[in-house]
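*Asks:* One structure coming up, written as structure tokens, with questions to follow.
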Amino acid sequence: MTTSTPPTPTASAKNPEQINPPGGTERRPIGQVLRSQLQQSLAFATLVVLIIFFSISSSSFFTVSNISGILLSTAVIGILAVGTTFVIITGGIDLSIGTGMTLCAVMTGVFITDMGLPLVVGVIGGIATGALMGLINGLNITFLGLPPFIATLAMMLIAQGLALVISGVAPIYFAEQAFKDIALGTLIPGLPNAVLILFACAIVAYVVLSKTILGRYTFAIGSNEEATRLSGVNTRKWTILIYTVAGIFTGIAGVVIAARLGSAQPQLGTGYELQAIAAVIIGGTSLLGGRGSILGTLIGALIMSVLINGLRILSIQTEWQNVVVGIVILVAVFTDSLRRRREA
Amino acid sequence: MKNARKMSVLATAAIAVVALAGCAQGGSAGSGGDAGSGDKPYIAMISKGFQHQFWQAVKQGAEERAEELGVEITFEGPASETEVDAQLQMLQAAIDKSPDAIAYAALDPEACIPLIDAAGAAEIPVVQFDAGCDSDVPLSIAKTDSLGAGALAADHMAELIGEEGEVAIVGHSQINSTGVERRDGFVEQMEAEYPDIEIVDIQYGDGDHLKSADIAKAMIAAHPDLKGIYGTNEGSAVGVVNALTELGMNGDDLTVIGFDSGKAQMDAITNGLMAGAITQNPIGIGAETVQAAYDAINGDTPEEVIDTGYFFYDAENMKDEEIAAVLYE
């Protein structure tokens, strides 16, 4: 993905022309916004249809307690998905977020339970673990020139192994209620804090992606990395930063899952990355990069959890639940590519 | 120069391999009862996993007995209990090492047949634990009678809810034999003995705490009159308990019967969130497996099925010596 060849004189000579594509991406957001809004409205319509369908099918679905349950079950996958949206917009992929989340949870447990450090330190330590993993992913991708798929696949295995080794293949329990309240306390009555954390993460990510230079370069790298680099942007630096940001969200997800379970379960996490990636894709972010949104990801994550919860409420067999979720992913990505082909 | 050295290293290695293979051949084909003399007998244990605490307890039991008997063991298993293929590769690697015996817990009763038959052809004695392979080669299996254990869970559930009403099951697998038998034992017992109890839903959470909690919450939402939930392994059962906590419910609102132990489950039982659970004897499974392998190496025939037992435990009897011995944190 990243070519490490320094710009040759010819390339430099081409530079004035090459500036255009990134310039184009700067102007493109209007088109992008329109397109992603269309995808979002499609996704949003799907979400509404699902909610209406399940509400009609079962009186148990649209209740305060069940909706609160759906939101809570969206929290962990949703936070992972929000973080990995950045990576996917750059045209990359992060497979390490599932087991990485588990390693962050384990490290939080080590800091708080094993070392007896204050909660705040443990939480920050857990999030820092995620940031460090993201940083290493970024370095491996940019400086070693590894494809993101391979670099993060390796990190996925390393994180899984380390989580088991560090925990001694046993769960680490949190004794303090204050820690569990991070996920299950209710600052707003009836709404678990984990849901507030998800929304806070989404808002911060939205602002970063749409209002900051980091966000702009995320789209630029995804649209045309080479052109972005040739126009004088240090794409390596920004790529590293983007993976680190994704790592921070992985760390937050790790703290939230540990708080919700009251323990760090070292064997969990495998497969969570694929659910998060699915949520991102359903939300209209393109795996090819250059296009995507946080709102879409949030809707995508909600579609997944509404669908799964609804099928469970209707007592559909677990095997068929997977089939239905798989079909929804297919349809979502297919309609997206169909529309893009029409537009092109 | 460099090449010459490489060649010499290779040659030495080749000689070593041939020599070792010769030794191993001699060990398994030659006189059996020589545990005390020379090299320790080696038993390769291939488990269904190692991450779950249950397997850690099996490993502990195996290591303790191996120490007593003076045998050497290795204990390995795939990262998750769905990785049938990875487990078969481990089994293949174990056979290639020509151990004195192989102890195996089948993830899939069919897929293992060719390899287990190959072990038989190589005259390596095979004993099994937890779940068997559909082959004639294995001499014995040390396991829990999972159907009986599921039925025991059903009896206690029925008693606790007054022998009538709706119950549901959060299972951990619809494929592997423990998941299937713990479920079927429960279902069959309910159908046979308790006509007024209806099993309204069975879903599977892969033993994932989070998934199992979300499943239990959906069940509780869908079936307001639900009186009890049975979780078929530690992750499933703890997930159900988490669901109760998250919904602000307790053991009076819903009767939860779990399976296996682990600190979270034992705490839930102490706190009254969970009525009780079935425990197996994982340390016993490990110990009996190594014993059976040791007997086989020494030319004795181990018992075909070694039932290592199961118990129901609750807040009352948790501290009893017999129960406490088989529980693990």
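The chain as shown is numbered from 1 upward.
Glycine is no exception: its Cβ is also placed from the backbone N, Cα and C atoms.
Note that the structure is a prediction, hence the values are computed from the model and not measured.
So TrEMBL lists these for the protein:
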- A:1-13: compositional bias 'Low complexity' (COMPBIAS)
- A:1-27: region 'Disordered' (REGION)
- A:42-64: transmembrane segment (TRANSMEM)
- A:70-88: transmembrane segment (TRANSMEM)
- A:119-137: transmembrane segment (TRANSMEM)
- A:149-174: transmembrane segment (TRANSMEM)
- A:194-219: transmembrane segment (TRANSMEM)
- A:240-259: transmembrane segment (TRANSMEM)
- A:271-288: transmembrane segment (TRANSMEM)
- A:295-314: transmembrane segment (TRANSMEM)
- A:320-338: transmembrane segment (TRANSMEM)
*Asks:* Of the stretches A:119-137, A:295-314, A:320-338, which racks up the most C-beta pairs under 8 Å with the transmembrane segment (A:70-88)?
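*Replies:* Between the candidates A:119-137, A:295-314, A:320-338, the best contact partner of the transmembrane segment (A:70-88) is A:295-314.
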*Asks:* What else in the chain is close to the transmembrane segment (A:271-288), if you only count residues 6 or more beyond its ends and a Cβ gap under 8 Å?
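*Replies:* Distal contacts: 36, 39-40, 42-43, 76-78, 80-81, 84-85, 88-89, 91, 93-99, 101, 156, 222, 295-301, 303-304, 325, 328-329, 332-333, 336, 340.
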*Asks:* Assess whether the transmembrane segment (A:320-338) lies in contact with the transmembrane segment (A:42-64), where contact requires at least three Cβ pairs under 8 Å among residues 6 or more apart in sequence.
*Replies:* yes
